[in-house]
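Engineer: Have a look at the structure that comes next, please.
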Amino acid sequence: MSKNRDRVALPPVNAQKTNMTCHFCIVGCGYHVYKWDENKEGGRAANQNALGLDFTKQLPPFATTLTPAMTNVITAKNGKRSNIMIIPDKECVVNQGLSSTRGGKMAGYMYAADGMTADRLKYPRFYAGDQWLDTSWDHAMAIYAGLTKKILDQGNVRDIMFATFDHGGAGGGFENTWGSGKLMFSAIQTPTVRIHNRPAYNSECHATREMGIGELNNSYEDAQVADVIWSIGNNPYETQTNYFLNHWLPNLNGSTEEKKKQWFAGEPVGPGLMIFVDPRRTTSIAIAEQTAKDRVLHLDINPGTDVALFNGLLTYVVQQGWIAKEFIAQHTVGFEDAVKTNQMSLADCSRITGVSEDKLRQAAEWSYKPKAAGKMPRTMHAYEKGIIWGNDNYNIQSSLLDLVIATQNVGRRGTGCVRMGGHQEGYVRPPHPTGEKIYVDQEIIQGKGRMMTWWGCNNFQTSNNAQALREVSLRRSQIVKDAMSKARGASAAEMVDIIYDATSKGGLFVTSINLYPTKLSEAAHLMLPAAHPGEMNLTSMNGERRMRLSEKFMDAPGDALPDCLIAAKAANTLKAMYEAEGKPEMVKRFSGFDWKTEEDAFNDGFRSAGQPGAEPIDSQGGSTGVLATYTLLRAAGTNGVQLPIKRVENGKMIGTAIHYDDNKFDTKDGKAHFKPAPWNGLPKPVEEQKAKHKFWLNNGRANEVWQSAYHDQYNDFVKSRYPLAYIELNPGDAQSLGVAAGDVVEVFNDYGSTFAMAYPVKDMKPSHTFMLFGYVNGIQGDVTTDWVDRNIIPYYKGTWGSVRRIGSIEQYKKTVSTKRRAFDNV
């Protein structure tokens, strides 16, 4: 949105219409993009506009959603200007016309030179002397590929390091994960790679996968028909908004009872129940309680005690006999061992978690006590960052899934043990070359590596122990900058030698591939401009594995390219360098990147997985990805197809609604494997901070801000709301600190310090806080510890610190609301 407007131009009937999946959260709401000449607009009569709606009279409620933020004016490379409108699709089964505060701003985030996206990277940029200068792709690749080659030729590929996206949505997609992955793993063959939100190359669901159950195993429709929905370490209203509003709440308020009767004839059904596991009373809990307070249970556990909670519940339901005995006997292994290891009485469970025994019993009865005629309840367990980033990710998932398997709450409609997700998904890559989980941040901190590429991510804001990472990266980067600044008149080849020599003295050459010059630009020497959906064709899948094609409808700014084509440029430059030297083995390694479009990359990766003659490919589409084509995906529109694809019938892809309905699991023996998960308390580094500091520093997202605020930092709507990352405090704690709403406070511990804006909230427990995660101004990751579990997954949620008042900024107090965010505002 280039400027504020109080009217919205309607698209004419001949406007171009394309499909778009929301760029942001994992729900992947369906939208339509309308594009037409700037100096034209449609009429108010239904036959005069592309929406087919009659604006000559008052429209019925929710007939459509139109706001100025859903419109923009874009300019093509030939100078032609067009209006665009991006609005939610009522026919999409995901959102049914609902928009979120994130997706509803997509049009404004499309590039316009006079809009909020004016700071987009348009050309490769090279740090020369003391300033950033635009350069050509040829020059940028001569430096980037030249340094890569020099390091490879010296024989230590581990010195070439990456931090990269592994997901779908605006910052990823099947085309781009394949392009980047093929470059890193097949061509360069470096093992020193980390993923965007964790400091190694790993899964966030190792335990569940080892137990035979993938983390996205049901459909959003299952939430409509569940007897009980568990929300564990998850705030779905703010982080999966329209999944919560369009699928969860209708169950809670009884709107889906007729559907349950149709699906489960002869089985007792009724309005749904919800159980939230979260130390904090979130907006999701407030909304659910406003909807049906007597059908909502909040288990406000002590921080980090999830394992104890699930072990206590497992022990109790086994004692009561509320388990699927036949299923356990026929389709699982390891039950007795898990029950023995996880043994915990309700009394001990209550003591550790802080949840009363009565609440624990009620949760167990709601969720696992057989219904009339012995029918097992259909209970869906949804989890996210409270587990993913919790106290020993591996152990928590094991304990939760032990409970789920014992009660057969997977593979039946209305069940599922699923992560709610952050980004959309879109993974297809060659296997990691060694399978190692290298703690890349620590490699950098310890002075290892020569070349670091941050690709579609910003770990300066989002990593654990982020302050230490930034400090060392900046110091090592400066060694290279100092050497480069003295290299006046150097050719690209000479500059590569100078950079390499500087890395031999402790320096680190940094490249950032992104939409914007993020905080990483402070350390970078080279920035490469990427494109996002709309400027390219991109496929992703959402949290129910629903794959869609977001169609290109505009030019990317300047010379920006899709990530897959950036990867191809790097590979082809290296190939040419090795051809010139007559090294056929290296030429072969860097071959296979002859892509002209992102569709070429899609065909080379996603559609080749599991096909005869193809190299090994890890793909979320599996071996039937070959059935997906851009043509079929365009025809499938915003509803797409749920992966894996079973077959194509009459030009339509037939997908998979739910996994494990045949009781065949993803293990060698096809059975679900219980996994012992003892309660071990808090990790030592976390316990040490807890002993020294008063406040638990919980953290997470807010509805209005997407991830690292890479777009939002340029949006006045968001910036004025949150000029600084906020920290919610108990009012009594705030008073004892002499802190008023809107004050600036320092948050600190042994790992770092950061600033935040005080936000007293009556729902916050004493000594608990909640800080906005990953924000551009006030970085919560500065105070997380460097502790990781056996799979190098950090405990982002587990840190303690102190808080002190810094002062007051009067402008904040005049313009920033600190009204309680809960929807039951009293």
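Numbering starts at 1 and runs along the chain as displayed.
From the backbone N, Cα and C atoms, a Cβ is placed for every residue, glycine too.
The [3Fe-4S] cluster binding site annotation in Swiss-Prot covers CYS22, CYS25, CYS29 and is backed by similarity to another entry. Look at Swiss-Prot and you will find HIS196, GLU204, ARG419, HIS423 tagged as substrate binding site. Under the heading site 'Involved in charge transfer', Swiss-Prot lists SER100.
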Engineer: Identify, in sequence order, the residues in the chain of SER100 (site 'Involved in charge transfer') that are 6 or more apart from it along the sequence and have a CB within less than 8 Å of its CB; answer 'none' if there are none.
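Structural biologist: For SER100 (site 'Involved in charge transfer'), the qualifying residues are CYS22, PHE24, CYS25, VAL27, CYS29, THR241, ASN242, ASN703.
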Engineer: Which residues does HIS196 (substrate binding site) neighbour through Cβ under 8 Å, counting only same-chain ones at least six apart?
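Structural biologist: Listed in sequence order, they are ALA163, THR164, PHE165, ASP166, HIS167, GLY171, GLY456, CYS457, ASN459, THR462.
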Engineer: Check each residue in the chain of HIS423 (substrate binding site) that is at least six apart in sequence and keep those whose C-beta is under 8 Å from its C-beta; list them in sequence order.
Structural biologist: PHE24, CYS25, ILE26, PHE165, HIS167, GLY168, GLY169, GLY171, GLY172, GLN707
Engineer: How would DSSP class CYS29 ([3Fe-4S] cluster binding site) in three states?
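Structural biologist: In three-state terms, CYS29 ([3Fe-4S] cluster binding site) counts as coil.
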Engineer: According to DSSP, does HIS423 (substrate binding site) fall in a helix, a strand, or coil?
Structural biologist: strand
Engineer: What's the number of neighbouring CB atoms sitting within 10 A of the CB on CYS25 ([3Fe-4S] cluster binding site)?
Structural biologist: 27
Engineer: Would you give the longest CA-CA distance, in whole angstrom, between residues of HIS196, GLU204, ARG419, HIS423, the set recorded as binding substrate?
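Structural biologist: Spelled out: the longest distance between any two Cα atoms in HIS196, GLU204, ARG419, HIS423 is 18 Å.
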